[in-house]
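Heads up, the thing below is written out as structure tokens.
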Amino acid sequence: MFSDKDRAHFSNLETPFYYYDLNLLQSTLTACKKAASAYQFHVHYAMKANFNPKVLAKIKDTGFGADCVSGGEVKKAIEVGFVKEKVVFAGVGKSDREINDALDQDIFCFNVESIQELQVINELAEKKQKKAKVAIRINPNVDAHTHANITTGLDENKFGINSWDMPACANILNISANLEFVGIHFHIGSQITNLDVYKNLCTRVNEFATWFEDHGFKVSILNVGGGLGIDYYHPDQQIPDFEAYFKIFADFLEVKPYQEVHFELGRALVGQSASLISRVLYVKNGKKKNFIVLDAGMTELMRPALYQAYHKIENISQQLAVGGVQSPNLIKYDVVGPICESTDCFGKEVELPESFRNDLIAIRSAGAYGEVMASHYNLRETIATVTNEDL
Ligand SMILES: *Cc1c(COP(=O)(O)O)cnc(C)c1O
């Protein structure tokens with residue numbers, strides 16, 4: 001729901017643009033911080049979800065660390081002021097250059113995703129006469145019950161080290177003078193809405209922590225990753241239930257007094273705080289289908305084209321004043337973008353009030369994996385970002 005004032009402001013702006021509600025972002029961060037602090041849990045923000053500078057500034061000011069998946073993200077995290085001791089670096093394909101740069105920055109820890117990577121980090125650290133802190137990213141074979149394209153913790157996924165390779169891992173750790181083992185890391189997928197999945201994860205974390213301790217390693221960090229989903233169907237019920245989420249880990253993880261529990265939330269922190277605002281270019285009424293052609297496309301928001309993701313679509317020009325009733329004349333439209341790809345479609349058979357050229361359309365819950373995935377396909381230009389503070 002947008003206020004009449006927001007809509008009036010939007011109508012003067014060039015579309016499409018990303019609109020960020022920084023107040024909502026702040027409330028979400030505060031709610032997460034409060035819920036995590038109740039159990040002394042530590043949160044690292046998964047930067048790939050959104051690296052808009054204004055968003056990063058708020059997250060850094062909340063005191064969260066940064067979870068990075070590329071050298072570019074490590075660099076950015078430190079540039080915008082995240083403290084090095086709270087920067088972690090995961091990713092299946094860290095290049096030598098990325099590892100060297102991260103070693104120079106003295107980041108908190110590498111979340112290591114293969115045995116070979118362990119050896120390479122050891123060699124590169126040796127050349128610099130440094131000790132690299134490492135956590136082993138374990139693939140726990142836990143089904144996240146989410147879309148196959150965003151599942152990461154099953155045997156068939158490329159992420160992490162499989163359980164049967166743990167003895168080999170332990171061996172490398174024992175013989176590598178330039179590695180310091182700090183703990184174990186997991187991340188089983190994204191947009192997880194069934195919280196029972198996390199109970200299964202806790203069981204696996206407990207098993208692996210015990211295994212490492214039984215083999216003579218001190219496990220200081222239990223990093224359980226992120227993946228908490230948001231409600232894309234109800235963008236106005238905006239703040240995820242962080243209390244319920246953290247409580248599962250408090251109840252089911254066996255945490256020793258010297259152990260810290262780390263989380264890496266991305267989507268849940270930023271997802272609801274942005275909408276992609278676009279304009280209707282054309283309405284095509286056919287025999288079988290009605291199309292709304294927008295001036296925004298998959299180049300601005302790729303999730304629907306990439307993994308059939310649902311985003312709520314609203315015609316905010318035809319939305320009546322707050323408190324009013326929606327226009328009764330509802331029509332089903334396929335809402336599409338201008339890009340020359342058939343997958344460039346934001347929603348099929350979307351029920352909307354009768355829509356007209358120049359109406360403003362909001363694609364909601366676009367704060368995570370939205371702006372960051374934008375591309376220049378079709379030589380499209382980068383679009384503006386607008387926040388509530390600019391209005
Ligand atoms: C993407 C990612 C996350 C965050 O996932 P969300 O679903 O956005 O919470 C956390 N950890 C790692 C290693 C990731 O790659």
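The backbone N, Cα and C atoms fix where each Cβ goes, and this holds for glycine too.
Annotated features, as they stand in TrEMBL:
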DOMAIN    18-367  domain 'Orn/DAP/Arg decarboxylase 2 C-terminal'
DOMAIN    32-270  domain 'Orn/DAP/Arg decarboxylase 2 N-terminal'
MOD_RES   Lys48  N6-(pyridoxal phosphate)lysine
BINDING   Gly227, Glu264, Leu265, Gly266, Arg267, Tyr369  pyridoxal 5'-phosphate binding site
BINDING   Arg267, Arg303, Tyr307, Glu341, Tyr369  substrate binding site
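If you average pLDDT over the domain 'Orn/DAP/Arg decarboxylase 2 N-terminal' (32-270) in this model, you get 96. Long-range C-beta contacts of Gly266 (pyridoxal 5'-phosphate binding site), restricted to its own chain and to partners at least six residues apart, with a cutoff below 8 Å, comprise Tyr45, Ala46, Met47, Lys48, Ala49, Asn50, Asp67, Ser190, Gly226, Ala368. In this view, the densest Cβ surroundings among the binding-site residues Glu264, Glu341 belong to Glu264, judged by other Cβ atoms lying within 10 Å.
Under the three-state DSSP scheme, Glu264 (pyridoxal 5'-phosphate binding site) falls in the strand class.
Among Gly227, Glu264, Leu265, Gly266, Arg267, Tyr369, the residues given in the record as binding pyridoxal 5'-phosphate, the maximal Cα to Cα distance rounds to 15 Å. Per-site Cβ counts within 10 Å over the binding-site residues Tyr307, Tyr369 peak at Tyr369. For the pair formed by Gly227 (pyridoxal 5'-phosphate binding site) and Arg303 (substrate binding site), distance between Cα atoms is given as 16 Å, rounded to the nearest Å.
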